[in-house]
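Single-structure report; data block below.
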Amino acid sequence: MRFQRRAMTLRQRLMLTIGLILLVFQLISTFWLWHESTEQIQLFEQALRDNRNNDRHIMHEIREAVASLIVPGVFMVSLTLLICYQAVRRITRPLAELQKELEARTADNLAPIAIHSSTLEIESVVSAINQLVTRLTTTLDNERLFTADVAHELRTPLSGVRLHLELLSKTHNVDVAPLIARLDQMMDSVSQLLQLARVGQSFSSGNYQEVKLLEDVILPSYDELNTMLETRQQTLLLPESAADVVVRGDATLLRMLLRNLVENAHRYSPEGTHITIHISADPDAIMAVEDEGPGIDESKCGKLSEAFVRMDSRYGGIGLGLSIVSRITQLHQGQFFLQNRTERTGTRAWVLLKKA
């Protein structure tokens, strides 16, 4: 029959280790004291036999005896403290490893902590953290699934209502254009809710890869973005630089990020204006979208990236575009900035990403 080895607590390890160290050095000190005392007694006896019992000689022998005890005692205490420090450092090493593991994690890394220790407290803390992370992951997954299911269930009836309105307009010559426009806004809002729910699923499965911003993100999105801008006679200008910029991330999410930036510029820019995409790699990767709109109130830039916050309610939307951009940027461990252009009126929205 095999018995499972019982894990020792951190307190027990410290007490046992320090106790053994003190016991060993106490035995050494006792032996040293006995050895020196025996030697001094023999010297005194020899001095008495030789009639060298004058005060000067006695004080000299006393000083030698005290020195022979103090100097080794100081050395032994110092050595004891040093060894105790090394022992405590070795025993608490799992705590330091746990600290490094937690500090190195990003906010989106919800994988279980893989630290194995024979110390009871460390095992309990790691187990509790892993259980908390598991519950948090389950809650977030359920929230994403609920949002995606609700948005998906809304798209089907909205599409049916739009189809019926188009048939009503053709058969009964009824002006339903305002209703169709409102339905289109609702369907766009539902699509954004779906995007917000799905953002991060690729990263949660570790789907990291090298992505070229021009070749894998901007050019594949050009036709879709250009079609969107043509509805308001706007022009999309691509980067002039021939050099591509490579980052590490998810191409699908970065295309979603770019689409939301361009869509936001398209919504708030006048008709017939230009929307420009820039990329650079000095020193980190930058992807920027500039428009020729009225600009923004820079004191409110922090709130504009929050969910359901809009720049201007006159332009429609539900305020999820920049929130999606901010979320995708965080997943790529980057930074999102929003500011007014300096050379002319307009807004510059750009993300700072780490190069591969």
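All residue numbers here begin at 1 and follow the chain in the order shown.
Each Cβ is built from the backbone N, Cα and C atoms, and glycine gets one as well.
The annotation domain 'HAMP' is assigned in Swiss-Prot to 89-141 on the grounds of sequence analysis.
The domain 'Histidine kinase' feature in Swiss-Prot is assigned to 149-356; the stated evidence is sequence analysis.
The annotation phosphohistidine is assigned in Swiss-Prot to HIS152. Counting only residues at least six positions away in the same chain, the Cβ atoms of LEU194 sit under 8 Å from the Cβ of HIS152 (phosphohistidine).
What Swiss-Prot records for 1-13 (among others) is topological domain 'Cytoplasmic'.
The topological domain 'Periplasmic' annotation in Swiss-Prot covers 35-64 and rests on sequence analysis.
Residues or ranges marked as topological domain 'Cytoplasmic' in Swiss-Prot: 89-356 (among others).
If you look up Swiss-Prot, you'll see 14-34 (among others) marked as transmembrane segment.
Per Swiss-Prot, transmembrane segment is recorded for 65-88 (among others).
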**Report entry** HIS152 (phosphohistidine): secondary structure state under DSSP, collapsed to three categories
**Finding:** helix
Report summary line: Mean per-residue pLDDT in the topological domain 'Cytoplasmic' (1-13) works out to 58
Query raised in the report: How many helix, strand and coil residues does the domain 'HAMP' (89-141) contain under DSSP?
Result: 37 helix, 1 strand, 15 coil
